[in-house]
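Report on the following structure.
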Amino acid sequence: MGHSGREERIKDIFKELTSKELTPGLLLTLQKLAQKPNTNLEQFIASCKALTKLSSNNPIIFNELLELLKNKSEEDSTGPKKIAPSINKRKKFKIQLDLDDNEDELDSPVQKKPAPTRTLFKRIDKLKAKQLRQYSPTVKDPSPNSEQQTQNGHAETKDYEPTRSEVVEEDREWYDNDDDYGNLVPEPLSELPEEAKLLPVIRNIDNDDALRNTVQLYPIPLKQRMEWIPPFLSKFALENKVPTSIIIGSISETSSQVSALSMVNPFRNPDSEFSANAKRGSKLVALRRINMEHIQQSRDNTTVLNTAMGEVLGLENNNKAKDKSNQKICDDTALFTPSKDDIKHTKEQLPVFRCRSQLLSLIRENQVVVIIGETGSGKTTQLAQYLYEEGYANDRGKSIVVTQPRRVAAISVAKRVAMEMQVPLGKEVGYSIRFEDVTDSECTKLKFVTDGILLRETLLDDTLDKYSCVIIDEAHERSLNTDILLGFFKILLARRRDLKLIITSATMNAKKFSAFFGNAPQFTIPGRTFPVQTIYTSNPVQDYVEAAVSQAVKIHLANDCSSGDILIFMTGQEDIETTFDTLQEKFLQVYSKKFGTANFEEINDIEILPIYSALPADLQFKIFQDLHGTKRKIIIATNIAETSLTIKGIRYVIDCGYSKLKVYNPKIGLDSLVITPISKANADQRSGRAGRTAPGTAYRLYTEDTFKEDMYLQTIPEIQRTNLSNTLLLLKSLDVTDELSKFPFIDKPPLQTFLSSLYELWFIGAIDTSGQLTPLGLQMAKFPLQPSLSKILLIAVRNGCSDEMLTIVSMLSVPQVFYRPKERQKEADIARNKFFIAKSDHLTLLNVFEQWRANNFSSHWCNKHFVQYKSLVRARDIRDQLLTILKSQKIPVISSGKDWDIIKKCICSGFAHQAAKITGLRNYVHLKTGVSVQLHPTSALHGLGDLPPYVVYHELLMTSKEYICCVTSVDPFWLMEYGGLLYDIKRIKNDQEATTTGLFGEHYEHTLDKVEDDIDINIRRCKDMRDSVIQELKMTDNSNKEDKKQKTKKQNILNGKENSMKPFKRRKPFF
């Protein structure tokens, strides 16, 4: 077998063993293993398993691979020896744009560059040859211009249109999440910031393994970094008597003072049994998760889907039946338009109708009113109509705006109000969310928006002059944007006395809102609630899912179906699905013993219905259907059913006492979704669901002592448990106060989160050493993106890769791109792997979008390759929005072609503070904090044989472990260039560079050590850059001290404290 044939056979064998790519580094390692004389077949197989994931254990294949590697090693060793400069080992990648939907599989997106022929040179010094080999110039292919530009008008999908059942099965998470950024700011941008202009054009740096092993990065000690804090933060810390260590974050800092300034602990009593059970989670859920993994492994080994045997077994028919059932659901949910009389009758039955005149009178007499009303009182849909009828929208072209914390609420309420007013949606009544503006600037009088949209509108008009009345709905949810809006209006109302502000809330937080606005009057809409009996458990339950299932079965067996429906509160989707499955199993056991029932579908008096945000809208609709007492609905819901939904017929509530809360740790920059105890206010809201239509009963799966001692009075506001960098950048650009610390927060954020967010903005160049916005920061605030994403986009503009960066930033702004259906997880994993770009998840996302664009944005292509169609559509919308901003400034959008190192360095410029360094074979450690982290299993780097030494990541998430998500390999010199205040760099001397010892112990250095090579030059350049930043910090600090001294002297003169009779100077102490 020839040399080329042997190499092809090795690659074929490797493809049979694993789906991962055979990289040159991994191939070299395998050759070295095969060369060892004492390596037998078992040892070789074990070594291969340690290096990468394998899908086969066939010893025959491994034996063939071992022999081929031995022969290849011998051939390489007997070949002619040539001395030549090292070629560039970095792989060049090319996005494949010629894929066709008719092809069964994707071509590999990674194209290996053919090795150029080596040139013979004369023999030189061994050390000099090694240096030449390590630092030879990078061989670059010519970069063509952009192959394809994004068009505003997108190609229509000609080959396939999704059915309605497919559309409703798409992920609904985007519509149910908060709107953080809002719509496009059409204000024209000023010139490109000076910081972006002055950035050096990024040149490729050869990320050769030898170079990376020659230098090492280390975190700069905390004590040293504390000396490099910008003066405005040091001054703030000094004035507030807080340690400067909280500004930069330290996981080793455990003092009581620092703990009081850090994030709010989501557990009021962390040592209680109730809190411990929350941290452990449900055993039943964990057991189900393990069983599902075992079932999936069995399916993977014996899969018959889409085969002749699969058709015999009916697998394909089951999928078709599922589609039919989905279609049936869609038919059941067909919308109807009620008559005018029906609408009038429904509106008059609402509790708010009976107090209409008193409510409007109170609004006329006061600038701010707090309205308290339970879910179902009609405050959300009726209040805006009452104000419209009173003429608040007729004044000089002004309109009424209503904010909602969720997109789906803004859309649904706008549709309902338009139907009740019998006007077309988008005319008199409209809504505006990100990427959807269904309004008419001339005739829209009632506008429903997300709180993020209204917050972004303040950038265009800081007086909101076009609105006569603002309604902040569902304010008790205390979303971050709602809290910022409340602080903004507290400042604005003093300037606009004609503006009316109405805050609607459930009973929780109403007093706080009133006190915040100077004891504004409160108005309570009389409810129609009935008494609810609350029953606690006598002892703490060990498994809340098991206890909830048991209680639901008891209620159903002890009470007739006509007595009412059951609502079970759970923490999230996994808990809900486990409860759903376990309820079916338990009821089947009972009914099989009593009636001989063979399967759950034969039980005709129970309907179990889940409800959570990611569930398709048509399935969510089923919980509102009236079953007329023939069946009992058992609804399993998250806290979305506390206030956002009104479900008729609920008479029994089962409350597990927990919910999932997203918590941010500023010490390590970690977002984590944790199960925590609910608040007392949440518990009362849940219990109240049982008394909306008749007297009810609430079963609390915790003791009364737990309610009193382990639960906070109110839910922790989002502003006290989230990163504030984007919010603070927005407030800086609004310039509402001289200092951000003086902004009127209704609940102040933790001081550590506040200061660490400001430090992050300074670190990435958004604010200067005096705390003011830089030109770059001013431009960053114009983009509806997180600050780091805004920066990498602006840096990419200067470095000629803005076309690719537009796509990457857009893809990072949407939910999960890939999906794994339970019945086809192995197929989904294989399809996802084909998109992988080695050592970069960011470039993998770019690859996915480019492949989709090459296939005319086809939904059929997405379904075929297990890609979320709706996520890609959202990414395309975001990309168009950002492209419009760039084009309005006449900034060219340029492609870097094949040169992807430029893109990676631009990514590093915004995420240098989020870097990790490899330790051991497969683990990473956070380079700044020292926390051990792992690659997320969905990463393109996960399972690689040779992992890169340094990476940057987009997100750090904690589930069962600390995972870094969306990772890209970077050069250590890039990290030094953009993170020089966090890291130090050192050169590791090899054997030839080590000193030698003479006969009498004297040391002699190698003469070539004195010659400065490229690595030494780059190290010195990085340190010089850091020294210049430190010098600037010192100069600013000294200037501030001098200004303060002059100001004090001037004040003393004005106060008459300085006169000619000066006392003798005191002798300065010696210490």
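Even glycines carry a Cβ here, placed using N, Cα and C.
Record features (Swiss-Prot):
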type: REGION; residues: 132-180; note: region 'Disordered'
type: COMPBIAS; residues: 133-154; note: compositional bias 'Polar residues'
type: COMPBIAS; residues: 168-180; note: compositional bias 'Acidic residues'
type: DOMAIN; residues: 360-526; note: domain 'Helicase ATP-binding'
type: BINDING; residues: Gly373, Glu374, Thr375, Gly376, Ser377, Gly378, Lys379, Thr380; note: ATP binding site
type: DOMAIN; residues: 540-735; note: domain 'Helicase C-terminal'
type: REGION; residues: 1035-1071; note: region 'Disordered'
Given the recorded ATP site (Gly373, Glu374, Thr375, Gly376, Ser377, Gly378, Lys379, Thr380), which additional residues of the same chain have their Cβ within 8 Å of the Cβ centre, ordered by sequence?
Leu350, Pro351, Val352, Ile525, Thr646
Among all protein chains shown, how many Cβ atoms are found within 10 Å of the Cβ of Ser377 (ATP binding site), not counting that one?
25
Cβ-Cβ neighbours of Gly378 (ATP binding site) (radius 10 Å):
20
Please report the number of other Cβ atoms within 10 Å of the Cβ of Thr380 (ATP binding site).
24
Comparing the binding-site residues Gly373, Gly376, which residue's C-beta has the most other C-beta atoms within 10 angstroms in this structure?
Gly373
